[in-house]
């Protein structure tokens, strides 16, 4: 009888233990499922590998190292016992045993810091950190499969769940999380959102409510109705007025993509639009399910046209007239003007849309339009982001405008950008289009349609707001039609444009609705409508363009900060590509892309090929100027670093004028600077950066009158090969900067203006040769070694780049980056981190200066110290130098300016100075008479009177 209660207690305990075990197992399964679904993203994140280059920097491979003291390896590194010459494996700290690769991060550095024998080095792989095992794609010069997404789409991460790159800004604990911890952090955010659904899903408190909207504000500055279905309400410019509160969503927002978009959207207006769009789609109120097809053909029309050199030499009796729609942005007005000059003819029409964020270019465009009756600028503006729905809205509104201009009797619609250029003459283009005046020219993808839909994201729902394309979930392609797509550059005849712009039939109406929520809509909308419309038999699979696709360089997912997708961009043409314009296999009349700031020589070659050479002695043919800033723009458009450097440039230029132009006993050539810069230009000569041109006001001390001068500042050479030179010959050049463009392989921050809060990138250019490993060492102005890592250089590598994860702020002064092979110096380069004289565009305050100019706390640029390498590299830290740096950090006012100018003067040269108007200095040259000034003659880009043949060039 005693055993019975014991047995019952034992059974109850066993039952409880079993339940507890089941609960633990269930929780474990749930956690694993959550992580697997998070990792899958859209089902493809894990397969992204190193190709998912959403960030601009390549990720290093930093294996853990178990090595003895560095000094013990130096004899082997220099060729002694145990060393290995060259190097095919990734190494760290000189030669050692080959090690297994694992992805590196700041967390990897932290793990090595906890190692009993920590390595002071990390290891990188070469250019872009990704080598595909697929067969190399054969480059076809006549290929024109133009799509803005990678061909190897299945291997690319299109997830929008990955944490976004953050500047460190004194938050090393966040930046140093290993990838798994970052995923945990993101998962916690998404789980928290799930728990708060219904009260704070928009990222705000439960008491904040947004009033419901039936219609959102338009993107057009003039408030034009772009179409009932083109959804001009997208806030592409990012300037939409924020409402005072958020409204609780009208449905249960459960999709991870929508939740991710809500956590990242910045404005309340955008968050409400995301929630509203998601709910309408979830309730089946957004997307059409079935669309009518009106094409009488059963299959796809395959019309091809041939290039006949003889047929286009004769102008037809009734030549077509063309409406060029020029969609432009940025600040490269001289290049835009040169392109416009090349395509201009008095019989055609030019309608210019300038991005609403490009105010300078818009002002210049208005000035351009006032000179010619057949040039007009849209009265409305949109923010045409890459891949955005706003591009389609821009084209549709432009079409409606052109059709309503009864004084412009055009026959063809051609869209161009400032990066395009003609490769055949206007007469040839007109003769060709006159022969095929009933055709529409679009380039199709030419591959498997299901794969195109998948890689183009047509089966995904996107929304544009806050100048970003947010991915919100999946959707179905409407039934009843064939979906097509390819290039978003096309030539359309007037009849089809009228149909697209004004038709209210089921096809056009529903396609406008569908493509209002589509990524890269202009790459598919016109193709799909044409192929399913009564005009389907007019489609020619050729958009008459050559596009410079180099997907190995152009598909770096460089637009992930703009779209939740992985996109591609064409490369700029270079002189070695000129032969491609002379091909006669198929009719082509335009090419892209061209950037004068990258390479102007190819534009000059093409210009001479089409229109003949300029007269001998024509000035400015090899020069290029691009305005970076002018005083009509708000001062806040300049960074504190740029404003600081421009003021220093002005002071150094005036000192040069005083030393070279001033005569003892006279003050006629002595000046005092007045105010902020008036304008700033980049200056290039023969495609080499020559520096900045700063236009500024001064007071002449002799007559106390205001004058306007322009100063030319050129950077000094800072790359230096070791002396005596080593026998290592692969390194050609090294540079440090920011805004690395992996596609064109250059720094977009020309001049490398850096401040204490910038994150510099080190770049090396290599010649061909055997696989080798080199060591890169970063040294701050007081000889503190801030970072060191190895790079494995493959035999075919041309460029490597890496951004070391340094703690901020950087100590102001001249930094050095040393490159060693087998611990023998090969070369070094220097760069300036400028102390700031401005903070938030105001003179810097003492407490701000101390915070920014003293380096990171305890000079700890990383968790790990590299101090043991100082004696090995003969880099001695001088206490007096450290103390002087500490004193410099407290400088403000004139003392700070003097320190800054001494640093700038060591890395920049004041080349020349000139006056833009009257001056009291008798020996001061006039800017328009120099060869370098932005006021110098530039005939190649200047417009003029229309010539008797109707052209400008």
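Every residue gets a Cβ built from N, Cα and C, even glycine.
Take the UDP-alpha-D-xylose site that Swiss-Prot assigns to 327, 384, 385, 386, 488, 489, 569, 592, 593: the candidate from 355, 411, 541 listed for it is 355.
Close to residue 669 (disulfide bond), meaning Cα to Cα within 10 A, are none of the binding-site residues out of 327, 386, 489, 592. Annotation note: residue 914 (disulfide bond) sits in a strand segment as assigned by DSSP. Comparing the disulfide-bonded residues 251, 295, 669, 914 on other C-beta atoms within 10 angstroms of each C-beta gives the minimum for 251. The disulfide-bonded residues recorded for this entry are 251, 536, 557, 914, 927, and the Cα of 557 lies nearest to that of residue 327 (UDP-alpha-D-xylose binding site).
Here residue 489 (UDP-alpha-D-xylose binding site) is positioned 23 angstrom away from residue 295 (disulfide bond), judged by their C-alpha atoms. It is 51 Å from the Cα atom of residue 927 (disulfide bond) to that of residue 771 (N-linked glycosylation site). The local packing around residue 566 (disulfide bond), expressed as other Cβ atoms within 10 Å of its Cβ over all shown chains, amounts to 29.
Within the same chain, residues at least six positions away from residue 921 (disulfide bond) with a Cβ under 8 Å of its Cβ are 657, 661, 668, 669, 700, 915.
In three-state terms derived from DSSP, residue 921 (disulfide bond) belongs to neither a helical nor a strand segment and is classed as coil. In the three-state DSSP scheme, residue 566 (disulfide bond) is classed as coil.
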